[in-house]
Amino acid sequence: MSETVTNNKETRGFQSEVKQLLHLMIHSLYSNKEIFLRELISNASDASDKLRFQALSNSELYQGDADLGVKLSFDEKANTLTISDNGIGMSRDDVIEHLGTIAKSGTADFFSKLSEEQSKDSQLIGQFGVGFYSAFIVADAVTVRTRAAGVASDQAVQWHSAGEGEYTIETVNKESRGTDIVLHMREEGKEFLNEWRLREVISKYSDHIGIPVFIQTVVRDDEGNETEQKTWEQVNKAQALWTRSKSDISDEEYQEFYKHVSHDFAEPLVWAHNRVEGKNDYTSLLYIPSKAPWDMMNRDHKSGLKLYVQRVFIMDDAEQFMPSYLRFVRGLIDSNDLPLNVSREILQDNKVTQSLRSACTKRVLTTLERLAKNEPEKYQSFWKEFGLVMKEGPAEDFANKEKVAGLLRFASTENTSSEQNVGLADYVARMKEGQDKIFYLTADSYSAAKNSPHLEQFKAKGLEVILMYDRIDEWLMNYLTEFDGKQFQSITKAGLDLSQFEDEAEKEKQKETEQEFKSVVERTKEYLGDRVKEVRTTFKLASTPAVVVTDDFEMGTQMAKLLEAAGQAVPEVKYILEINPNHDLVKRMADEPDEQAFGRWVEVLLGQAMLAERGSMEDPTQFVGAINQLLAKA
Ligand code: ADP
Ligand code: MG
């Protein structure tokens with residue numbers, strides 16, 4: 001290394017999130033400390049990828065002059081381990097941005113969720129992706145010397161930190177392009193100052209990356225004695241994993257590669273590796289994670305796909321190749337059809353992009369279908385993590401609507417728990433003779449759905465109802481109108497008709513009762529005036545005196561709530577009051593000669609029905625007043 005010309009030296013503080021991350025990491029990842037090597041080699045490999053990519057448009061930067069690779073050397077006396085690459089390097093601004101802050105939005109939020117309980121944190125923090133900062137698990141001080149491609153040797157940058165709140169940065173001299181990372185080992189890191197330990201970790205984590213990883217070894221003479229000479233020995237295969245044939249790749253290799261591309265600590269749930277020749281010529285390696293990334297629901301969540309063209313890395317976050325509802329998919333696509341100088345703009349409306357996107361989408365859906373069929377328990381764990389995102393599918397992906405619908409899971413009256421594990425195909429298979437609709441109910445919570453008075457007649461008739469209680473469900477049902485040729489029917493809509501499940505005698509009797517009740521209905525309507533759209537008798541209730549429903553094409557309660565929560569102006573929902581003529585309360589009301597007292601009964605019925613439907617009412621005082629007056633008289 002050449003002499004350091006101190007220049008422009010300054011001390012800067014880490015962003016507070018970085019301090020938090022460093023603290024948490026050192027305290028929760030010590031049992032997993034070898035991962036620092038995976039992270040640093042992974043960064044070196046990314047840096048080589050980026051250099052190759054930039055050289056496509058600026059050949060000055062790299063002309064294949066030196067082969068790209070990573071070199072590891074250690075010095076037991078000095079207690080240091082050095083990881084060097086000849087990749088893209090970093091400018092002073094890059095260093096400040098990448099090694100002093102965490103750019104991801106929502107980070108502060110994420111950290112506030114981490115508890116002091118460390119066993120849980122190690123998983124969470126792994127999900128977050130610790131990257132470069134993992135160096136501090138094994139090192140009590142780290143020096144980074146880096147020279148960006150295309151920059152003069154005296155404009156290199158040195159960064160140094162003991163990982164405690166501050167770092168220094170200065171301009172130095174560096175002969176060669178790329179980055180050296182020097183780790184000053186803590187006691188716990190000393191085991192890595194050992195050739196065999198390093199070889200072991202590299203082959204475990206870095207066999208599959210595309211550039212060679214070298215380790216410095218001592219040359220031995222003919223008798224096997226150590227000499228003064230040292231040499232570089234390649235320790236990994238250095239063949240990009242996806243270019244190898246499927247049958248040669250072990251599950252462990254796929255899993256390690258996943259950690260490299262995804263920055264996830266956990267094992268992937270499933271993956272699909274395909275080479276396609278013909279109209280389009282490409283390889284895809286797509287992974288479904290086992291855990292949802294911490295920021296999956298953030299607006300600016302990045303897609304997890306990398307794009308390669310003819311084995312050259314082109315970009316991260318290639319969101320063009322996957323619809324947004326599959327944004328949890330990680331992995332890569334390597335195309336032989338796209339031009340090397342492809343940009344995001346070119347990808348935007350490009351035929352190749354479109355057909356790759358559609359093929360990759362299908363591949364993910366098929367992989368999930370297979371998982372659901374062959375390993376339902378695994379699929380259930382997938383659903384718990386990603387179900388909410390999958391529910392965006394029917395709205396976004398018209399072409400695959402039926403496939404996506406088949407992958408959805410819901411709670412249902414068939415089960416006793418809130419677990420979403422009923423598929424629409426299960427439902428259809430259980431449909432009753434003559435049933436041609438899929439009945440569902442949306443509510444604020446599972447218990448509100450399960451206890452809804454609307455379910456009474458379904459219980460009595462033994463009809464299954466799908467219970468939906470996620471916020472997104474009401475919106476989903478605007479797009480999901482049928483499955484397997486069967487229409488969906490909300491059971492809180494006025495158009496619900498279950499007469500096909502009733503016999504003639506029952507219908508006859510209902511007609512009679514309805515006739516007898518006509519005057520009560522009219523009196524009620526008279527009293528309520530514009531407060532409801534309509535009043536009618538219903539025979540679908542058992543233990544509940546009244547419910548409110550909405551007309552089929554009117555906005556329903558859950559939709560109104562959804563819009564309200566989004567801050568939109570919502571027109572008033574027009575409710576229809578349905579009263580149960582067989583209920584004792586209603587019978588008493590019908591017998592009430594005094595108009596004022598009758599009005600109180602109506603208030604009680606409507607108030608109850610609104611409470612059950614909305615969880616709130618417009619005028620609680622009026623409701624309570626009516627109850628009190630009735631009670632006082634009783
Ligand atoms: P990630 O790899 O997920 O982006 P890291 O914490 O591992 O996060 O690295 C942060 C950033 O620092 C990288 O995105 C890259 O810009 C920069 N970086 C880290 N190591 C190197 C390196 N060896 N060469 C060039 N840039 C690097
Ligand atoms: Mg990294």
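Cβ atoms are placed via backbone N, Cα and C, with glycine included.
Nobody curates TrEMBL annotations by hand; they come from automatic prediction.
Per TrEMBL, region 'A' is recorded for 1-344.
Feature annotation from TrEMBL assigns domain 'Histidine kinase/HSP90-like ATPase' to 32-189.
Neighbour density for Gly106 (ATP binding site): within 10 A of its CB lie 14 other CB atoms from the protein chains shown. What TrEMBL records for Glu39, Asn43, Asp85, Met90, 104-106, 127-132, Thr179, Arg344 is ATP binding site.
The annotation region 'C' is assigned in TrEMBL to 562-634.
Under the DSSP three-state reduction, Arg344 (ATP binding site) is assigned to helix. Packing around Lys104 (ATP binding site) is summarised by its Cβ count: 16 other Cβ atoms lie within 10 angstroms of its Cβ, all protein chains included.
Looking at Glu39, Phe128, Val130, Phe132, Arg344, the binding-site residues in this record, the fewest other C-beta atoms within 10 angstroms of the C-beta turn up around Arg344. Across the region 'C' (562-634), DSSP helix (H, G, I), strand (E, B) and coil residues number 45 helix, 5 strand, 23 coil. For ligand 1, the nearby binding-site residues are Asp85; that is, of Asp85, Lys104, Val130, Arg344, these have a C-beta under 6 Å from one of its atoms.
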